[in-house]
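Features reported for this protein in TrEMBL:
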- LYS91: active site, proton donor/acceptor (ACT_SITE)
- GLY191, VAL192, GLY193, LYS194, VAL195, GLY196: NAD(+) binding site (BINDING)
Amino acid sequence: MTDVTGASVDVLHTLFRSDQGGHEQVVLCQDRASGLKAVIAIHSTALGPALGGTRFHPYATEAAAVADALNLARGMSYKNALAGLEHGGGKAVIIGDPETLKSEELLLAYGRFVESLGGRYVTACDVGTYVADMDVVARETRWATGRSPENGGAGDSSVLTAYGVFQGMRASAHHLWGSPSLSGRLVGVAGVGKVGHHLVNHLIQDGAEVVVTDVREESVRRIQAKYPQVTAVADTAALIRIEGLDIYAPCALGGALGDDTVPVLTAKVVCGAANNQLAHPGVEKDLSDRSILYAPDYVVNAGGVIQVADELHGFDFDRCKAKAARIYDTTLEIFARANEEGVPPAVAADRIAEQRMAEARRP
Ligand SMILES: NC(=O)c1ccc[n+]([C@@H]2O[C@H](COP(=O)([O-])OP(=O)(O)OC[C@H]3O[C@@H](n4cnc5c(N)ncnc54)[C@H](O)[C@@H]3O)[C@@H](O)[C@H]2O)c1
């Protein structure tokens, strides 16, 4: 037996001191037969069982995996609180390269660990895990969502994610221009993959002018085949500089808003699906200082988590769509609170989420 090392003491330090409120529980899971090493982090169950996906990623160190699980779990508490779900926040990470390590045996072992938590943590897909994987995990636990329709799940969540982003955009337009209609507005969508292309459908139907960019030419071609009026530019750098751009919708990767982009952004509104759009703390203030209205990413892209939460009760698309439609009111509430308190919308959103969790904790 070896002694506890400095590195593991650091992990404990991260757990108990990482942020306001700290985390409730972190579980380290190991199954030697399949090579599974996973971290399940539960940030809060104040509003209900912790809900959040499983990320499968080749972390450089185990401490980095724990830190990521802690951060992601905390983010889910805020997202679920603002989505009006009766769920707290949690997230799991599986350490390793999904291309080489993922196996049925490993996913089943992981499912048994999720089941052992008795419903305190409900899992779903995230980067590196897919609907087919959740079908396997669900063979060992009742607490896996994001399954295929053949297995009682709701399948792809991008339809409702795009619908929620569209509602966030309508709320932004209402706040800034006095009408939720996007008719005649010029909207730039960066990334027209699963969510982006559904978003373009909504925008065209509402009468917006749309310009897109994507690193995959095929994705752009698919959009233009359907809507020849959609224009395209070479890259995101060109998109964010378009004169007269009303709304910028980052729908590709995280970190879209940073020191290189905010100063040159021509849009008056940023509202998109990508997770973690703010490259670092302080960018929300830089946006406010330039009078750019930022609809917080984790608020407007909650359609996906609304869908997986609904799956636990037997998925009903119309019920889910009605819940995703409330993103419109939540976004307006955040902008109003931001104005009242003189803070950027991202700060107002965090405050509303914290308030909901604190109220739920009260006896
Ligand atoms: N799918 C969901 O339900 C969901 C829910 C919440 C948040 N999100 C977030 O929304 C974003 C999009 O998700 P998705 O499911 O549509 O993914 P996706 O992989 O289907 O689409 C992303 C698209 O962005 C393009 N892209 C990548 N790098 C780019 C770049 N530098 N410039 C321009 N385009 C680029 C890709 O080619 C792809 O077409 C991600 O950040 C994801 O985490 C998705």
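Placement of Cβ uses the backbone N, Cα and C atoms for every residue, glycine included.
Curation does not apply to TrEMBL; its annotations are automatic.
LYS194 (NAD(+) binding site) and LYS91 (active site, proton donor/acceptor) have their C-alpha atoms 22 Å apart, to the nearest angstrom. Around the Cβ of GLY193 (NAD(+) binding site), 15 further Cβ atoms fall within 10 Å across all displayed protein chains. Counting every protein chain shown, 29 other Cβ atoms lie within 10 Å of the Cβ of the residue listed as 'active site, proton donor/acceptor'. It is 22 Å from the Cα atom of VAL195 (NAD(+) binding site) to that of LYS91 (active site, proton donor/acceptor). In the shown protein chains, 27 other C-beta atoms lie within 10 A of the C-beta of VAL192 (NAD(+) binding site). Cβ atoms within 8 Å of the centroid of the Cβ atoms of GLY191, VAL192, GLY193, LYS194, VAL195, GLY196 (the NAD(+) site) belong to the same-chain residues SER158, VAL189, HIS197, HIS198, LEU199, ASP214, SER219, CYS251, ALA252, ALA273, site residues excluded. Secondary structure at GLY196 (NAD(+) binding site), as computed by DSSP, is helix.
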